[in-house]
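What follows is one structure encoded as structure tokens, with my remarks underneath.
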Amino acid sequence: MHFKKDFDFVHVSKYFYMISIVLTIVGVICLSVFGLNFGVDFKAGSNVDVSLSKSLTISDINPIIEEIGVAEGTSITPGENRVNIRFNEVLTEDHDKQLKEAILKLDSTASFEVNTVDTQMAKELARNAIYAVLLSCIGIIIYVSIRFEWRFALAAILALVHDAFLVITVFSIFQLEVELIFITAVLTIIGYSINDTIVIFDRIRENLRFAKLKTDEDLVVVVNKSVNQTIKRSLYTALTVFIAAFFLFMFGGESIKMFSLAMVIGLLFGAYSSIFIASPFWLLLKGKQKNTKVGKAS
Amino acid sequence: MKRIISFFVTVIVLSGVMLVSTPGLLDKVRLGLDLKGGFEILYEATPLVEGQAVTQESLNSTAQSLEKRANVLGTSEPEVTTEGSNRIRLKIAGVTDEAEVRKKMKEPANLTFRSAPNGGIEQTDFTQVELLGSDFKENGAEVVYNTLNKPEISIQVNDKNKFAEVTKRLIGKELAIFLDETMLSAPTVQAELTDGKAQITGSYSIDEANNLRDTINLGALPLSLTEKYSQSVGATLGKQSLDKTIIAGLTASVLILIFMIGIYRLPGLLASFALILHTWLLILVFVLADFTLTLPGIAAFILGIGMAVDANIITNERIREEMRNGRSVMSSVKAGNKNSFRTILDSNITTIIVAGVMYAYGSGAVKGFALVLIIEIVLSIATNVYFSHWLITLLVKSGLLKKPKQFGVKESEIRAL
């Protein structure tokens, strides 16, 4: 695959802006209406994952939980040879023991994973997660501003916030569980998305050195040329990382399923935004700068 | 000729080293609790007596006591670390009776001597703590028999003078012995005790007495602990996750290698070799630095392979581009290596920034993920940039790699200058 003729990315970007704006509005609506389905890490309580040699149903598990006396607000999600029980209350050691004993009676090969998070801890984890995301963004802005210029930094941040937000939106729409590891996924997506954007920006910067910029049209040519020169690398790298994330999602351990899914979605948005959002947005900012210069000169 | 030889020697020697050492290395990788079963608890420490502060010292000694206890209970590789000003993280792998261990870790031996300032002999009357758990000698409790051949528990204090002062002050009054909030006995102090020993009397059977002695001997915790966060993974479930994730990783890796060779031909093969070396080095670092590999860590490993390949893709795309512009193979490779380096550095540093933040703010598993990511990026620059460049240059200079076709560039694509 080799593009004989340069594809006009700048020209089509306005359609993609529209798509992204619509998706963002959908995201804002979804988040305010449905919110996110927080797991124990952020909501406190206990999460019990049981791996079994047979499939248990809700009616198998319910009597056990009622007997222990922690049934209120508990949700049971049975799966093939496994069952997930989510308690709104923090499971005490005694409850934990009783629950395990009761399930072991039904299936002696059962293996458990229990996560318990105390309310105060949950708040702290959530706060740290927000700090981490903000701090990453600040770090990136500083680095990109030093190495490039603030317009690149702004465009890069816009693209990565866009990616992170859309992944959160997808999790809100489908009410997928958001655990601590999800934040790791969001941060990794940010890291990947910026990586992807930087490669294109590097090329724009390089091409700018040799370009004679007289009109806005010249800038458009530089951006289009740069994206075209790096498009194959963008696609190939997105593909290799996608392969890794996809197989982790399909076959990887249960507790990183949601993480891998977030990665898969984030990668796709990351590749998309680097090409269609970040560079054209930089052009928009740069174009404004040129116009004001021209305006002052005349 | 010399270059061809050094190329093949490098490749063969490295392959040999990797092939021979990998099984041993893999055995030595320390696996996290989520992969081999066990539990992890984050405790918050509060002072035994209200109003007192948790000092770094008391936190450390509490952590040490916990570790001793874990060792006494015969668990494998207990890991106890303090976090911040009032937290202790405990990790214990391969436990069969988790509930029992958890109970033993936290519960026993907050031994205190208390007096009743307002008189009285009821449990609730004893509000004044005279001696704390940390005042008692470790392993100082033993079962002795009194004149009636009834078992009693003899305990020792660290500071005889302090004990003497307390007993002198309380002559004729009760000095109650509490294990946590349970009153064991409330003997009346008959005389000033200067030998630093005290007896716990009660109608204990021999078993009960032995049990009590063991509980006290497990070490008194200077602070009381509450669980803030806990994760426990069954051994079977851990093994399952490990196996599944490794299969996922191998499948993904093989596909990525095939992809690289398919697209970039011989340079792709070199890239694949660098990628394998990269993975092997990563395992080596884990073993040498004795890091613990967790499930998110493996995820980072696998994702990292997908990302590390980026350096090779950037370089190879650049080399091809230079060729299409009509440059010779030699100068294309030179220019490609040079021009791609800055891009790779810029893009990797931004990822390191994010990973660094993750490491600083994350806890447990997130930290593990971030650490793998950072090491991976650093190693990637060594292998997928420097080593890859070196291999390619060696082959080009030796004349083995001299046609654009070998790079996957068609003659028709090359623009005439």
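In case you wondered, yes, glycine gets a Cβ from its N, Cα and C as well.
Checked against TrEMBL, the range among B:2-20, B:344-362 recorded as transmembrane segment is B:344-362. Only residues 6 or more beyond the boundaries of the transmembrane segment (B:295-314), in the same chain, are considered here, and those with a CB under 8 A from a CB of the stretch are 32, 34-35, 241-242, 245-246, 248-249, 252-253, 256, 260, 264, 267-268, 271, 274-275, 278-279, 282, 340, 343-344, 347-348, 351, 365-366, 368-373, 376-377, 379-381, 383-385, 388. In terms of DSSP helix, strand and coil, the domain 'Protein translocase subunit SecDF P1' (B:61-115) has 21 helix, 20 strand, 14 coil.
Long-range neighbours of the transmembrane segment (B:368-396) within the same chain, counting only residues 6 or more positions beyond its ends whose Cβ lies under 8 Å from a Cβ of the stretch, are 3, 6-7, 10-11, 32, 266-267, 270-271, 273-275, 277-278, 281-282, 285, 291-294, 296-297, 299-301, 303-304, 307-309, 311-312, 315, 319, 329-330, 333-334, 337, 341, 344-345, 348, 351-352, 355-356, 358-359, 362, 402.
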